[in-house]
Amino acid sequence: MHGLLLAGLLALPLNVLAHPTESHSSGISRRAIDITSYRLPQISKYTKSDAVPKQDDESFTTSSTGDDNVSSGDYVTTATDWLKKTLPKATYRLVNDHYIGDSGIGHVHFRQTAHGIDIDNTDFNVNIGRDGKVFSFGNSFYDGEIPKANPMVKRDFSDPVNALQVAIQTLNLPVTAKPENVKAKPVEGKENFKFEGTSGAFSDPKAQLVYLQKDGGLVPSWKVETDIGDNWLLTYVDANKNDKVHSVVDYVSAAEYKVYPWGINDPTEGNRTSIHLPWFKTLSTDWHIDGKGWYSTTRGNNAIAQENPTGGPEYENNYRPKSPLFIFKYPYSEAMTPPSSYRDASITQLFYTTNVYHDVLYILGFNEKAGNFQVNNWNKGGVGGDFAILNSQDGSGVNNANFATPPDGQPGRMRMYTWNASTPERDGCFEAGIVIHEYTHGVSNRLTGGPANSRCLAALESGGMGEGWSDFFATAIRLKAGDTRATDYTMGEWASNRPNGIRKYRYSTNLTTNPHMYVDADGLTSVHAIGTIWASMLYELLWNLIDKHGKGDVTKVRPVLKNGVPTDGRHLAMKLVLDGMALQPCLPNFVQARDAILDADKVLTQGSNKCEIWKAFAKRGLGVGAVFNPSKRTGSNELPAGC
């Protein structure tokens with residue numbers, strides 16, 4: 001769910017093998033339905049910090065108290081006033097996911113409304129600087145004529161049960177909803193329902209009446225939510241006639257432990273070792289406690305890991321290893337077969353890798369307020385109740401992985417498959433890059449557009465960047481002490497048994513090895529192909545910052561920060577990319593995401609890395625003169641003055 005985007009389905013993050021993904025359970029047939037034609041339009045605008053109008057009016061300054069409580073801090077009021085001044089005729093609601101990030105920037109998100117109904121693909125995000133003024137903002141509000149008739153008064157919209165049936169039939173969903181059996185039960189909110197009496201979905205489908213901004217107008221629509229495992233869909237069905245699907249969003253985008261330690265990507269890079277008490281002691285808890293009790297198994301505050309051979313929705317009662325002494329040491333070798341013979345080692349590895357990554361990201365700013373995955377948020381903000389569900393050896397497919405990301409407060413779900421391109425087959429849990437790739441889908445979807453909005457990477461180029469961010473973090477984390485900018489890396493090489501990995505090119509700073517440029521995105525319809533271009537740019541950024549600041553001690557797991565700034569170039573690049581996600585608008589494009597990274601550096605280091613960032617992007621055609629157009633992009637190698 002890339003933001004309820006399942007990194008799966010038509011854009012399975014690691015499925016670029018010659019043969020299609022095999023599926024043994026639920027999901028949309030790849031041959032029958034192509035939901036890419038239903039993508040949301042890319043209409044967001046981002047006003048970077050340099051372009052924000054001067055704020056002389058005292059009404060747009062606040063005291064920077066550092067307190068992100070709405071009742072005592074003014075940053076939400078400042079953001080609201082800015083929206084009123086920018087779009088005085090707009091009606092809207094405040095989304096309840098605002099927070100002050102660890103860089104000191106306040107992030108506030110709004111949703112446009114009409115007649116009290118959400119216009120679901122309209123967002124306005126305001127970033128408030130430490131000085132209390134507007135730092136930057138994004139906007140995709142509808143600026144056309146609002147329908148005069150209030151559908152809530154006339155009740156001239158269709159039955160939500162019919163909308164559910166249209167979604168099922170149009171998308172060929174494996175859900176049964178017979179009219180005589182299905183009841184639409186009202187839940188909290190205007191025209192908001194949960195369907196009872198269906199079968200085939202992982203949870204009861206839902207529907208909410210919304211407007212959708214499309215083709216220059218507003219279309220009343222039922223937003224039908226169906227979780228079918230491989231896909232977690234928001235299907236926008238015409239609410240007037242129930243005869244058309246307007247758009248589709250998919251949320252799915254992919255003690256002591258004997259494991260491949262952090263930094264070892266796969267069995268070709270090192271050996272399994274015993275790791276004792278690996279969690280960061282200054283964080284809230286260790287990995288096996290959630291405030292309610294201790295779990296002597298692969299369960300805790302951040303994640304719950306288990307096998308899932310059937311590929312079904314149940315997980316709480318599935319098998320997971322237990323150790324009263326919290327010693328999770330189980331046999332594994334590449335020669336072992338079948339995979340079920342080493343399920344304990346697989347589950348333990350998945351639990352370990354995910355928890356370490358959670359802790360690293362926490363230090364870099366992806367914490368409770370920012371929408372991370374935790375059952376207990378320890379009164380530090382955000383919405384709890386949402387650890388990551390980790391399914392090892394998931395039986396719903398092979399040769400792939402995916403991650404479903406609903407909004408903050410609902411658990412994310414990772415499905416890790418086995419790969420059959422080798423003999424014996426291989427388990428993706430033992431390739432850290434795949435696990436990190438999938439979990440990063442959860443990160444990018446929670447940060448972009450705010451933790452409560454999981455559809456902000458649903459446009460084609462936005463979704464491509466989602467794949468690129470996932471590849472970037474997986475690659476940055478596996479760097480070795482002897483690596484230089486001449487070092488190239490693949491993705492998915494071990495699991496897929498392909499020497500060149502599963503991307504078109506290796507990640508490289510050499511333009512012969514990897515010639516990708518910004519304009520290569522023209523004509524592409526695959527988020528993974530677009531993502532490789534974005535990740536190639538970020539790989540350039542990574543090495544520019546490492547060359548300036550060093551890569552630090554790569555044998556150390558915990559990032560080292562001084563005054564909130566990573567002291568090495570590797571973690572600095574990761575931090576700037578994370579902060580950029582929180583700044584950029586909903587449904588961003590390459591140009592906007594680049595500007596957000598530059599703005600992130602301006603906040604974090606007062607712009608001291610401006611030229612390193614510009615040189616990275618300009619090298620691959622995203623320089624000063626680059627212009628986004630979905631059909632014909634304009635490339636540029638131009639650098640700003642002074643660089």
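Backbone N, Cα and C define each Cβ position, glycine as well.
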N-linked glycosylation site according to Swiss-Prot, picked from Asn69, Asn420: Asn420
Other C-beta atoms that fall within 10 angstroms of the C-beta of His437 (Zn(2+) binding site): 28
Most Cβ neighbours inside 10 Å, all chains, among the recorded positions Asn271, Asn420, Glu438, His441, Asn510: His441
Structural state census, the compositional bias 'Basic and acidic residues' (47-57) (DSSP three-state): 3 helix, 1 strand, 7 coil
Rounded Cα-Cα span from Glu438 (active site) to Asn271 (N-linked glycosylation site), Å: 23
Cα distance (Å, whole number) from Asn420 (N-linked glycosylation site) to Glu438 (active site): 19
